[in-house]
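Participant: Dropping a structure here in structure tokens format, bear with me for questions.
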Amino acid sequence: MANRGPSYGLSREVQQKIEKQYDADLEQILIQWITTQCREDVGQPQPGRENFQKWLKDGTVLCKLINSLYPEGQAPVKKIQASSMAFKQMEQISQFLQAAERYGINTTDIFQTVDLWEGKNMACVQRTLMNLGGLAVARDDGLFSGDPNWFPKKSKENPRNFSDNQLQEGKNVIGLQMGTNRGASQAGMTGYGMPRQIL
């Protein structure tokens, strides 16, 4: 966790909430997908959040992952270099994030560099990788490797085309929100404040 000291009070509660969101089962799925997708020796970390963070921390695995989702010769990250220097590692992580955004991931679904590098929010890192995998499956361009069932299926556009006659008929239908004109009614009820007539 880099050079930060322990957090106390509200900061500690917030950090504990973030740490509870981390999914160990999802970690194993992501590791399996990354090693299958990269098709080269990227290693495999021991189970656990800290080991997962150390595996991805220098950005080389992430850059190899995003490059594997593009056709040969169109890789977005040109130079991937393992380095022990902090700013080089953070630069590679940010290159991955920029490439992921160009690939189609929403800006709101992308983690920040410090979330991974300092290990502050590994659940957010998992969400970004899940979205990337789901988007790769949805593209169906033949570059995805692995089991498509590992990721949630993205919805596809399914437009409905109605004729003018169908649209006109729809205007005549009484919607269920309006109630019904059949069944029980208030017919025969006395007005408000009148005594009940029991015979």
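The backbone N, Cα and C atoms fix where each Cβ goes, glycine too.
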Participant: According to Swiss-Prot, omega-N-methylarginine sits on which of ARG39, ARG102, ARG139, ARG182?
Facilitator: ARG182
Participant: Could you let me know which of SER145, SER163 shows up in Swiss-Prot as phosphoserine?
Facilitator: SER163
Participant: Name the residue among THR180, THR190 that Swiss-Prot annotates as phosphothreonine.
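Facilitator: So the answer, going by Swiss-Prot, is THR180.
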Participant: Cα distance, SER163 (phosphoserine) to LYS17 (N6-acetyllysine), nearest Å?
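Facilitator: That separation, Cα to Cα, works out to 52 Å.
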Participant: What is the Cβ neighbour count of LYS17 (N6-acetyllysine) at a 10 Å cut-off, with all protein chains included?
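Facilitator: Total other Cβ atoms inside 10 Å, all chains included: 10.
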Participant: Distance between LYS171 (SUMO2 cross-link) and SER163 (phosphoserine) at the Cα atoms, whole Å?
Facilitator: 13
